[in-house]
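Enquirer: Copied straight from TrEMBL:
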TRANSMEM  B:27-49  transmembrane segment
DOMAIN    B:77-289  domain 'ABC transmembrane type-1'
TRANSMEM  B:83-105  transmembrane segment
TRANSMEM  B:125-148  transmembrane segment
TRANSMEM  B:169-189  transmembrane segment
TRANSMEM  B:209-231  transmembrane segment
TRANSMEM  B:238-258  transmembrane segment
TRANSMEM  B:270-292  transmembrane segment
Amino acid sequence: MTRPAAWVALVLGLLYFVIPLWGMAEFSLRMRRGVYSLDAYGSVLANPEFQRTFGFSVLMAVVTILVGVLLVVPTAYWVRLRMPRLRPVVEFITLLPLVIPAIVIAFGYIRLYNTGSWLPLTGTAGGANVLLLMGYTMLALPYMYRAVDTGLASVDVRTLTEASQSLGAGWGTILGRVILPNVVVAVLSGAFLTFAIVIGEFTFAALLDRPAFGPFMQRVGEDSAYEPSALAVIAFAITWACMGLIGLVTRTQKHTRAGA
Amino acid sequence: MPDGALAAPASGAGPTARRPWRPPLDWVGVAPFLVVAVLFLILPTLHIVQAAFRDGSGSFTLDNLWGLNEPSIRQAYWTSIQVSFLSALIGCAAGFALAAALVLGGLPRWVRAPMMTFSGVASNFAGVPLAFAFIASVGPAGLFTLLLRNEFGINLRAHGWNLFSTWGLILTYLYFQIPLMILIITPALEGLRREWREAAASLGATGLQYWRMVAVPILLPSILGTLCLLFANAFGAVATAMALAGPTFNIAPILLFSQIRGDVLGNPGLGYALALGMIVITGVANALYIVLRARSERWLR
C-alpha cells in the first residue's frame, strides 16, 4: 500500500470513528438552549432509576466476575493438570456462547425454568437474578476461559503443584495462593472485559425483566432527547476505562517479567 | 468437535457417566463447570431445538419449520442476512484497508498503538449506547446531518438517507465490525515475512504478482474466516437494532425478541423454529470460521 493511499484510508477511518463520538458528546451538552451545559448529565445522574439500575448492573458485573473466576480458574487448571483429554470438550463448550446467540439462550432459560418447571427460577426475583447471573457468566465464558488458559500456559502448572504438595499444601491453598497469583493478570483482563460486556447488556436483562442498566438506557432513548447522548458518553467512558485497565495490567506484567 | 458436543451433556449429567478406569476424584475437579455449562448453556439450547420439532400436544412435527416459509418471517431472515453479510463484507474491506495502512503503508509507528487500543474499545462499544451515538450524529436531527444541511446545503434525507433502515443499521454495525477486523487481521499482516516478498522479487515478481500469488493466498483463510465471524457477530445482535429502529424493525433477532415477549406470531412453535433457524445460521458461520482459522494458522503464527 502506498503512503498517500494509507493516509487517505487513515483519515477516512478516523472521520467515520470520530463523527459519532463527536455527535453524541456535543448533543449531550446541548440540553440548555443556546449554551453548552452539563444539564443532560445532571438530569441523568439525578434520576433515581439511573442510580438503581446502574447499581444493579455494577453489582451484577462484580458477582459475574467472581462466579466466572471461581468456575474458570479451577477448571482450566484441572484440565491442564489432570484431564488433558477433556480439553477439546471444555474448549468447545467455552466457545458455544459465541455460536449460540444470546437471545436464544435467554429464550431457553425462560422456557426451561418457567414457573411450571422442575426448577422454577423465573417465578421469583431472586431466581431471575440467578438466571441473569448465569447468563452473564456464559457470555463472559469465552473471554474469561481463553484469558486464564493462556495465562496458565505460561507457567509450569505441574511443577508448581508438586512443589506446593511436597510442602504440604491442600488444593485450596494451591489454587488460591499459588495458581491464582500466577494468572492474576489474565484474570484481571478477563474481569475488566466482563465488566464492559455486562454493564450495558440488554438482551438477557430485558427478557428476564431485570432492573438493569441496559433496558433503562433503552427506555430513556424512547422518551427523551439529550439524556440518551449523555448515557452513551458515560457508557463509552466505561468501556474505554475497562480497556485501558486491561492494557495497564498487561503492561505491568510485561514490565515485571522483563525485570525479573 | 461434534463428538465433544455429544460427550459434554453425558459427562455432566451425573456421577453415573464416570469412566470406570478413571478414579472419580479427577471428575470432581471439572464437575462444577460441566454442571453449570449443562444447566445454563446446553440444556436451554437443546430445549429450544427439540421444541422446534413439537406441536402443541408434544408430538413430533415439521410444521413449525415449514411455518418459517411465511413472507414476513422469510423477509425478516433475508433482511438479517443482508445486514449481517454486507456489514461483515464492508467491515472486512475497510478493516483490511486500515490495518494495511497501519502495517504496510508507511504511517508513523506511533499511530499503531492508539489505533489498536481504540479498536479494542470500539469493538466492545455496541448495543444501546452505540445506537444513541449514531442517532445523535447522523440521525434525522443529528449534528452531522444538520451540519451538512446548514453549512453545505446537502440534505441527506433528500438523497435517500435514513438511519432507521437497512443501510442505517449496516452503517451502525460497522462501528464494531471494522475494529474487530483490524484487531484480527493486523497480527496476520504483521506475520507476512519480509523474506517472502524478497524471494518473490528476486524471482522477478512485480508487487501485484506478489500480492496475487503469495500474500493474498496466505491471508485469504484469515480474511474469509473473519468474514464469517463478523457475519455471526452481526446476526445475533439485538440491542443496537432495537434502540435504533425500534421493536417493529423486521429482522430475525427482533422478531424473536417480540415473539418471546408476546407471541406476536400467534404460534409458540414458530418461535422455537425461528430460534433454531438462527442457531443454524450462526452455527454454520462459526464452523466455517473455525475451519478457516485452522487453515490460516498453517502459515501465520
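Cβ coordinates come from backbone N, Cα and C, glycine included.
Just so you know, TrEMBL annotations never went through curation; they're auto-generated.
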Enquirer: Per the 3+ Cβ pairs under 8 Å rule, pairs at least 6 apart in sequence, do the transmembrane segment (B:125-148) and the transmembrane segment (B:83-105) touch?
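Expert: When sequence-distant Cβ pairs are counted, the transmembrane segment (B:83-105) does not touch the transmembrane segment (B:125-148), since fewer than 3 lie under 8 Å.
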Enquirer: What same-chain residues lie close to the transmembrane segment (B:270-292): Cβ under 8 Å, and 6 or more beyond its ends?
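Expert: Tertiary neighbours of the transmembrane segment (B:270-292) are 1, 45, 48-49, 51-52, 54, 64-65, 67-68, 73, 77, 81, 221-222, 224-226, 228-229, 231-232, 235-236, 252-253, 255-256, 259-260, 263.
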Enquirer: Is the number of Cβ-Cβ pairs under 8 Å between the transmembrane segment (B:238-258) and the transmembrane segment (B:169-189) three or more, considering only pairs separated by 6 or more positions?
Expert: yes
Enquirer: Would you kindly check B:27-49, B:169-189, B:209-231 and say which stretch has the most C-beta pairs under 8 angstroms to the transmembrane segment (B:83-105)?
Expert: B:169-189
